[in-house]
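S.K.: Just lifted these from TrEMBL, have a look:
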DOMAIN    18-133  domain 'Plastocyanin-like'
DOMAIN    144-290  domain 'Plastocyanin-like'
DOMAIN    371-487  domain 'Plastocyanin-like'
C-alpha cells in the first residue's frame, strides 16, 4: 500500500462540529468538555480503502482555536491536510470551518484528534476505520474500541499542573480509565461497557489508545488475542495474552469465543513498566449470549509482561531497510529535560536536539516554504532533510540527566521502520542487534526510559512533518521536532485559497477577539505561562 491502492471513485463526507459542553463518562460528575457532535468519543469515520475522505470541521468553541490531525494517515502529497497547526496549517479560529480532503491510501484502524492545545484530553477525539484486507479470518467486526485516561479536572488544568510539576514534582495522575468511553467510578457510579459474544464465533476488535498520559496493559480474561495489525500495518498473525498499548498505538485483534459461557473482564490498566499510573482501572464486561450479564468473577492472566518494549511483529508485506549507509547517515536526536531560554524566560522543558519546540499557530512552517522564507525560528526545531536522501535514519537517545521516562514517539507522514531499541546509551556495539530485514513498522514506537530507539523511513513524502512524544504533557512542554522533506516538491496551497483564508481568520481573531497568552508549545496548549494563573487549579 506504499506503492499502489484502489481508487473507488467514492467520496465519503463527514461533518464534525466541536462545541463547549459538559460530560460525565464515568458517573463521577459532570465537568467541562469539548465534544465532537456532542458525543464522546466523537463519531467513527468509516470508509473503504481507496475512498476519498471529505471532512468538514466546524469550530464552535468560543475561546479556542483548533486543528484536526488524522493520526497515522500518510497524507502522501497532501501535507497541508495533516492538521498540525503551526506546521501544516493555521489554527482554525472560533466560528470558522474548514474542509479536509485526502485519499485513504492505508487501511486498518486509527483515530483523529485535535492538535491544538490539550483539547483532545477534553473530548476532541474520535476513531477511524478504513475497511480493507485482513491477515486472518473472522466472523464479526466489532469496530474500534478506545482506551483513555480520564481526569476530573480539565485537560487544560492538568496541563498547567504538569508544567508546574516539571519544575519540581510529578505530573497529575489520572482519576480513571475509560473503555469505549465509559467506566464505573471508585464509588460505584457510572457503567461498564458491555459486549455480547456468541460461542464459537471469531470477533475482530480494533483497540486504540487515545490517552493523554498512560500506556495500558490490556487483556481479556481467559481469551487470547490473535494480533493481525499494529497501527496501519497488517502483520503475520501472532497470539498473546497481553498487549502493551502506548498512546496513539492501535492493535487489531481477533478474539475467539471458545471458553465456558460466562461473564469475563476486559482489562486496561496503567502500565507501571512504562512509568504510567492512574487512580482507576479500566474494565468492561464481555458476556456470552444466553448468560445473564453480571460483574465477572474471572481472574486475569498470569505472567503479565515485564519491561517497556517494542514487540517485534512481522509485517505481512515485507520491506527491507538499506543497511550499508546506516553508520554514515544515522544522526542522533537526544531527548533532554532542563532549563531552556525562551521569550526572555528560563523555563524547565522537554527538548529534542537541544531545543524545545514552540510554534506560532498563525505562521505554520508550510507558509514559510510558500513564501520562500528560510528564516525559520530556532524554536520551530526544524531539520531540513537533504533533497538527495532516499532514507533517513535517527537514533533517538534519552540524554544524560533526563528523567528516565518512556516516550511513545509518533511520526507524521510515514511509518517508522523500528530497527531496534534498548537500555543505556546507543553505540556502535548495538548496531549488530539492529534489524534491517523486514523490521517492525508502525507510526508510534516506544523509546524506553533512559534508553534509545532507532528508526528509519524513506524520504518519499514531500512536506513539513512532525515527530513528537504523544504524552500530551510532554509535547506541550516542547518534546517535538519537525522535518522538512523534499521542500521543492511540496504541494503548496494555492494563492488566495481557503488555506490562506483560515490564516487570515485566525489573525483577525487574535487581533479582535479574546486574547489568551500562549503558554505551551502551540501544538498542545500555549506558551509561555503567565505567573499567578494556576492558583485556582
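Positions of Cβ are set from backbone N, Cα and C atoms, glycine also.
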S.K.: Using DSSP, how many residues in the domain 'Plastocyanin-like' (18-133) fall into helix, strand and coil?
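M.R.: DSSP composition of the domain 'Plastocyanin-like' (18-133): 7 helix, 53 strand, 56 coil.
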S.K.: Within the domain 'Plastocyanin-like' (18-133), what mean pLDDT does the predicted structure show?
M.R.: 97
S.K.: Just to be sure I understand, if DSSP states are collapsed into helix, strand and coil, how many residues of the domain 'Plastocyanin-like' (371-487) fall in each?
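M.R.: Summed by class, the stretch gives 15 helix, 52 strand, 50 coil.
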S.K.: Taking helix as H, G and I and strand as E and B in DSSP, count the residues of the domain 'Plastocyanin-like' (144-290) in helix, strand and coil.
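M.R.: Split into helix, strand and coil, the domain 'Plastocyanin-like' (144-290) gives 15 helix, 74 strand, 58 coil.
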